[in-house]
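Q: One structure follows; several queries about it will come next.
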Amino acid sequence: MEKWEMKWLRWLLLMVVMVLMETERADAQLWTNFYKSSCPNVEAIVKKVVQDKFKVTLATTATLRLFFHDCIIQGCDASVMIANAKGDAEKDAPDNLSLAGDAFDTVIRAKKAVEAQCPGVVSCADILAIAARDAVVQTGGPNFPVELGRRDGLTSQASIVHSNLPHPDNDINSIINFYRGRHLTVNEMVALSGGHTVGFSHCAPVFSRIYDYKNKSGAVDPSMNPAFVRDLQRVCPRNVDPAIAINMDTFTPNNFDNKYYQSLIAGRGLFASDQDLYSSTLTRPAVERFAANQTEFFQAFAVAMVRLGRFGVKTGTEGEIRRDCTTFN
């Protein structure tokens, strides 16, 4: 091949890469200074609300999970915030009933504070994205720029939630494919799973692992650390209220750190889908890297959050800017 042909191919490859990068940005139409002129103090306002909420309750960490459940369903559009009298909005779906009320309250308070200074300007979707980042920072996690410019969605249906969420009993291949369908890599999926280092779940999802594994009465998931099984059986005895709260990370449940990955290596993953990240050869290398190097985990998590925040966003003339995050205008 002639030198000029090689140069031309290299130039063409560079152009393709640049176009792909710009296409991803154009699809999202988000940028960090979106409110530079219209509401320059928005991030400071939301941060203050999150900090004040943390002084009241550590359950504010659940704002991160609220952001994930919003984005992963039909894009980051604050549709999870809608409440209606019929009880058929996203937040009413069985899979979302465990979302913490304090997380919703954090966003509602932040919206009210922002509206006081910049009425009708900042979407609930953007406020949720900022608040989720700030909740991570408040618990010791990485700070990272939040891309802004989302608009709020116009639909919120409980019926679409279950089929659009990954579930604790999904096998690893199904979960990988789920994230790929949302333009996220395996490494980003493992990094986002690290969000389980803070917050809580409930007894219901773990019953089958500690009492009736694979529908065998008395059977226990063999991938679990025996001491961890005993701990869970004490907290979640048979016939207990399935809504009893349990920490996602049993080492440092209130700190955003890499202990979650260390717990997987120790056989202390709360959900089967957590533990499978270490059991599977597809994801184990990332688990081991993040367990050994918190800085690498933080960097990967920040990148994954930005990428997640672009999924299915409404921009331009799409959607609306809600006056109240819980109702359509």
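Backbone N, Cα and C define each Cβ position, glycine as well.
From a predicted model like this one, the values you see are computed outputs, not experimental measurements.
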Q: Among Cys76, Cys118, Cys124, which cysteine does TrEMBL link to Cys325 through a disulfide?
A: Cys124
Q: Return only the integer: C-alpha distance in Å from Thr197 (Ca(2+) 2 binding site) to Cys39 (disulfide bond).
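A: That separation, Cα to Cα, works out to 33 Å.
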Q: Please work out which residue of Cys39, Cys124 has the most C-beta neighbours within 10 angstroms of its C-beta, and give that one of the disulfide-bonded residues.
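A: Selected residue: Cys124.
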Q: At 10 angstroms around each C-beta, which of the disulfide-bonded residues Cys76, Cys203 has the fewest other C-beta atoms nearby?
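A: Cys203, out of the disulfide-bonded residues Cys76, Cys203, has the fewest neighbouring Cβ atoms within 10 Å.
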Q: From the binding-site residues Asp77, His196, Asp249, Thr252, pick the residue whose C-alpha lies nearest to the C-alpha of Arg65 (site 'Transition state stabilizer').
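A: Sorting the binding-site residues by distance from Arg65 (site 'Transition state stabilizer'), the top entry is His196.
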Q: Provide, as an integer number of angstrom, the distance between the C-alpha atoms of Cys236 (disulfide bond) and Asp249 (Ca(2+) 2 binding site).
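A: Checking the Cα atoms of Cys236 (disulfide bond) and Asp249 (Ca(2+) 2 binding site) gives a distance of 16 Å.
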Q: When the Cα of Thr252 (Ca(2+) 2 binding site) is compared with the Cα of each of the recorded positions Asp70, Asp77, Cys118, His196, which one is closest?
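A: Comparing Cα positions, the candidate nearest Thr252 (Ca(2+) 2 binding site) turns out to be His196.
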Q: Please compute the mean pLDDT of the model over the domain 'Plant heme peroxidase family profile' (29-329).
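A: Looking only at the domain 'Plant heme peroxidase family profile' (29-329), pLDDT averages out to 95.
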